[in-house]
Each structure stands twice: as structure tokens, then as C-alpha cells.
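Structure first, commentary second.
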Amino acid sequence: QQLLKWNGWGYKDSRFLYQDGTIVFTGDRYPIGGKVSLPHFRDYVIENFNVDLSDRREGVPVPNEFPDPVPCPEFLQDVRQSGIDCTQNGEDRLIRCHGQTLHDVHMMRTGTFKRIPDVVLFPTSHAQVEQIVHSANRHNVVLIPYGGGTSVSGSVTCPEAETRPIAALDTSQMNRMLWIDRQNLVACFEAGIVGQDLERELRQLGFTVGHEPDSYEFSTLGGWVATRASGMKKNVYGNIEDLLVRVKMVTSQGVLERSLAVPRVSCGPDFNHLVLGSEGTLGVITEVVIKIRPLPQVKRYGSLVFPDFGSGIRCLREVARERLQPASIRLIDNEQFVFGQALKIPGGPLATVADQLKKVYLTRVKRLQLDRIAIATLLFEGHEAQVKQHEAKIFAIAKRYGGFSAGSSNGEKGYILTFVIAYIRDLALDYSIVAESFETSVSWDRCEALCTNVKCCVRKECAKHNIQHYLISCRVTQTYDAGACVYFYFGFNHAGFANPVTIYEEIENKARDEILASGGSISHHHGVGKIRSRWYPQSVSNVGVQLYKATKRELDPKNIFAAGNLIPTELQDSDPEPSSLRAKL
């Protein structure tokens with residue numbers, strides 16, 4: 001709370017700023033930092049979004065007044081008698097009322113928040129979480145688990161219509177490694193540990209989990225499990241469902257966990273998958289046993305240039321077909337390539353000459369069109385000989401699709417830039433630009449068409465709203481045997497519009513409709529939450545909805561975990577009392 005922004009992304013000392021006629025990035029946590037001038041980025045912003053950088057509109061300061069908490073004296077007495085830290089301080093409650101959706105951040109910046117938690121709890125162990133859940137059921141208090149606050153699905157926002165007291169259960173104090181088994185390569189962590197802390201603990205012992213989502217600096221292990229998260233290096237280490245060995249979740253009916261931490265078991269339905277993706281609606285994840293690996297001997301970056309995005313997709317498809325994916329392989333379209341180039345730190349005269357020579361080589365020797373090329377970034381991990389062989393095979397495949405190497409430094413810059421991109425939205429909001437990303441997964445045969453269709457849909461919607469200055473771009477971020485994950489980035493200048501976030505959400509909803517119509521999924525790894533719940537029934541079928549609701553009724557009969565995620569409001573059970581539930585059944 002002392003380190004992170006209350007109304008934006010990331011560290012307080014790290015941000016993009018316009019000062020002295022140029023854009024800089026503050027702080028020294030990232031390679032791009034140190035207030036190095038980014039004049040190309042300034043020019044890009046002015047040219048593409050038509051903004052006046054002298055007209056900065058900062059968000060409102062931290063408020064002095066907050067909504068009065070809904071009284072829950074008996075619950076608070078129980079909590080305090082159990083030795084559990086809690087607070088009803090307004091700022092503490094406010095910080096934990098939101099995640100990182102555009103709607104959330106805009107609400108904080110404009111001071112238009114409506115419902116915030118009535119109390120924040122800080123348990124330090126699994127046993128304390130059990131006590132909290134028992135007391136919440138006894139006193140009819142709603143619990144919303146809160147991890148790193150990086151959700152982009154609206155999953156931690158308080159339902160506005162909820163009249164019962166709401167407690168945000170902050171897992172930040174449950175951040176220990178409980179044990180490590182070097183022989184079997186597994187370790188047990190409390191669910192509140194943040195990704196970068198988890199990795200630091202393991203690296204000191206010569207191991208890694210290898211799970212590296214874009215939010216890895218701030219998101220928690222429990223959050224990864226609750227949303228079925230995916231990391232950039234999943235090709236080597238797996239997604240969270242591949243890494244998970246055993247999980248402990250406190251429900252209203254008791255603790256759900258598997259009795260053995262074995263590699264595989266044929267014992268009916270796997271209840272680990274009941275916990276995965278449950279998004280805080282069934283219970284609180286407290287402890288997780290995950291797979292670990294020895295640290296790789298070699299880490300090497302690479303990059304590839306393709307004539308166009310379609311050629312890049314076909315190359316990635318062939319690499320996946322032959323199961324040759326490196327730790328990470330990601331493809332960006334031309335719009336993102338141009339955007340990334342704008343973030344380059346300018347060099348001296350020699351660097352300028354080198355850039356000009358590169359353009360000559362690309363256009364005259366390789367005969368590529370700079371307004372069509374696409375770039376893939378690569379990350380290899382493993383043994384030296386293994387990495388060399390892997391690299392050679394991928395470059396050979398790329399050659400068949402018109403691709404060629406663009407060097408390791410470009411690959412490294414592209415990979416690390418991922419952790420900085422999220423900070424750009426805060427700069428955008430200062431200058432009347434609303435922006436957000438959204439993602440999906442799609443089969444290979446529909447991947448390129450989906451990208452084309454969604455971009456076309458967004459452009460048509462922008463025309464309908466008379467939006468003239470905007471960006472819509474995409475990238476392929478994860479690949480599988482049967483398909484890929486695709487990210488879209490969309491932002492526009494909203495000067496003159498009274499309700500920019502509403503307009504943005506309308507356009508993104510249209511884009512989501514197009515994604516589903518083009519064969520894409522509701523989400524690859526961000527989860528459903530509240531903002532994508534309208535598409536959940538068509539994604540899992542009515543039978544699937546009823547199965548989830550039956551599970552919810554069994555594990556949480558009083559609807560204490562009433563975050564309102566997954567199921568649209570109109571389909572949620574309105575009366576959680578057991579007698580009426582029996583009548584419905």
C-alpha cells in the first residue's frame with residue numbers, strides 16, 4: 001500500500017510523464033526508467049491520438065470522506081477475539097474495492113465509486129481463514145477474497161446492490177513458503193504470496209516455478225489459481241493448472257482438498273479443477289502445492305521479422321505442430337510494432353545511421369513493406385546445446401514463411417517491455433485517452449480471420465461513434481497444439497465525449513460478440529468476473545450453469561462468497577436460504 005498506486009497500475013515511483021517537452025519514464029525499476037527522454041513516443045502520441053500534451057488532467061486526490069460501513073459489530077468482535085487484524089479505515093477499504101479494469105481505474109480517478117468493503121481483514125494463516133469463514137456464516141457477512149488487486153474482470157468489485165456487510169479478506173499476510181521437497185520437485189506456499197516474491201524465494205534455493213504472467217510483479221499465487229492464469233513461459237513450465245499439485249480451499253462447509261500430493265490420481269472428478277477458475281465464489285484458497293524446476297543454465301532471447309502478420313501466424317502454427325515452442329514465442333502485428341518502435345530510447349549519431357541502414361536492408365534487400373511487417377519475440381531456456389539446437393530449428397521453420405532473425409537484443413527488449421506497457425494507460429488517462437486490453441483463445445484455422453474480424457468490428461464501431469483518433473492492434477501471446485491466445489489492445493481519444501468509459505465498454509462488448517462469432521473463447525486467462533458474465537451461459541451451456549449453481553449451493557448455502565462473478569445477475573439465486581433452495585430443486 002505504501003509502494004503501489006491507489007488509483008492506477010504498479011509502483012508509485014514508476015510512471016510515464018510529459019515534462020520539459022518530452023515523455024519520460026520515472027524510477028529505476030525497469031530498463032526504460034531513469035527519466036530517459038522518449039521523444040519518439042511523444043511524437044507517436046501526438047500524431048496518432050491528436051492530444052495536447054500541455055493539457056494534463058490528473059485524477060482526484062485520495063478522498064477524505066468515505067461511505068459509512070454497514071454495521072457488523074458481532075462479526076468484528078469475533079474476528080478481534082480470534083486475534084485477526086482488521087480495519088475499517090476508509091482508505092484501506094477504498095484501495096480494496098477495485099481491480100485494474102478501465103472501469104475500476106476511471107472510477108478511482110473520478111471519485112465515483114459507490115460500494116466499498118465495510119471492513120478489511122488480514123488473516124495470517126489457514127486456521128485464521130477458517131475462523132473468518134465460520135464467523136461470516138454465523139453473522140451473514142459477505143466475504144470477497146483480495147490478493148494482488150490486479151484483476152481485469154471486475155471480480156473484486158463489491159456488488160452495488162448488496163445490503164449485507166462486506167469484508168475484503170486480504171491474503172497479503174499469508175505469504176510464506178511452508179515447505180519444499182527437492183527430491184520430488186514440489187513446494188507449498190501460502191496463497192497470498194506475490195509472484196516476484198515466490199520466484200525470489202525459490203531462486204535463492206536454485207529453483208523456479210516459471211509462471212510469469214504480465215502481472216507477475218503484483219499478482220498472487222491464490223489469484224493465479226482462482227482465475228486459471230497463464231504465464232508467458234507456459235511452453236516449458238505449463239499454465240497454472242499444469243503446475244498445480246494440490247490446493248486447500250476453505251468453504252462454508254469445511255476445507256476442500258485432496259488427501260495426497262501425488263503426480264496423478266484416477267479418483268473421480270478432479271476437485272482441483274473445481275477450485276481453479278472459481279474466482280472467489282466458492283471459498284478462500286489458502287495453500288497451494290506447486291511443481292518447481294531447477295533454474296535453467298541458459299536464458300537466451302531472439303526475434304524474427306515476417307513479411308506480414310499472416311505469415312507469422314502460419315510460422316507459429318508450424319512451430320506448435322512440431323512441438324518446438326521455446327519458453328515464450330509471441331507475435332505482434334504491425335500496429336504494435338510501430339508502437340513499440342516509438343518506445344525506443346534514442347541513441348547517438350551512430351545509432352541513427354544504424355537504424356537507417358536497417359530500413360534500407362528491410363525494404364531494398366528483403367523487399368519488405370514496413371507498414372505490413374510483423375515481429376515475433378522469442379525466449380529460450382535450458383541447456384546450452386539444447387537451446388542452440390532449438391534456435392536453429394525455429395529459424396529454419398521461420399525461413400519457410402519468409403521470416404528471418406532480427407537479433408537477441410530486440411527480443412529481450414520486446415519481452416521486458418511487457419512489464420512496462422500497463423503503465424501507459426495511466427499516462428493515457430491523463431490526456432483524455434481511454435485504453436484497455438482484452439484477450440481470447442482460438443483454434444489455428446480461425447486465428448487470422450478472428451484477428452481481422454475483430455479489428456474490422458472495432459473500426460466500424462469507432463466510425464459509428466465518430467471516434468477519429470484510436471488504436472486497435474493485436475498479438476499472439478501463447479500457442480498450443482490446437483490454437484493460440486490472442487490479445488487485443490484498443491484505445492481512443494475521448495475529447496468531447498461525455499461518457500468515454502461507457503462508449504469504450506460498448507465497443508469492447510461488440511468486439512467480444514465478434515470474437516465468439518469468429519470461434520474465439522470468452523477468455524484465455526483473465527477470467528470471467530462480472531464484466532464477461534453475460535457470455536458465460538453460452539460458453540458452458542445451461543446445463544453447465546446449473547451444475548455450477550448446484551456446486552455453489554452445496555459449498556456456500558448462505559451465499560457468503562457473494563462476489564457476483566461468473567453468473568449474470570439475472571441468473572443468480574436470489575434467496576440463498578436452504579428451505580427455498582429445496583423448493584427450487
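Cβ coordinates are placed from backbone N, Cα and C, and glycine is handled just like the others.
Because the structure is a prediction, the values reported are computed rather than measured.
Annotated features, as they stand in TrEMBL:
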- Y487: active site, proton donor/acceptor (ACT_SITE)
- 145-151, 214-220, 227-230, 279-285: FAD binding site (BINDING)
- R425: substrate binding site (BINDING)
- 113-295: domain 'FAD-binding PCMH-type' (DOMAIN)
- R330: site 'Important for enzyme activity' (SITE)
**Study point:** For A229 (FAD binding site), the one of R330, R425, Y487 that lies nearest, given that the recorded positions are compared by Cα
**Key:** Y487
Exercise for review: Check the binding-site residues P145, G149 for other C-beta atoms within 10 angstroms of each C-beta and report the one with the most.
Suggested key: P145
Exercise for review: Using C-alpha positions only, work out which of the recorded positions R330, R425, Y487 is nearest to T281 (FAD binding site).
Suggested key: Y487
Exercise for review: For the residue listed as 'substrate binding site' and G149 (FAD binding site), determine the Cα separation and express it in whole Å.
Suggested key: 16
Review point. When the Cα-Cα distance from R330 (site 'Important for enzyme activity') is computed for each of the recorded positions P145, S215, S219, I285, Y487, which gives the smallest value?
Key: Y487
Exercise for review: Taking only the Cα atoms, work out how far the residue listed as 'active site, proton donor/acceptor' lies from S215 (FAD binding site), in Å, as a whole number.
Suggested key: 15
Review point. So which one is it: of the binding-site residues A229, I285, which has the fewest other Cβ atoms within 10 Å?
Key: A229
Review point. Including all protein chains shown, what's the count of other C-beta atoms within 10 A of the C-beta of R330 (site 'Important for enzyme activity')?
Key: 24
Check your understanding: Counting across all protein chains shown, how many other Cβ atoms sit within 10 Å of the Cβ of S219 (FAD binding site)?
Key -> 23
Point to revise | Cβ-Cβ neighbours of S215 (FAD binding site) (radius 10 Å) | key: 24
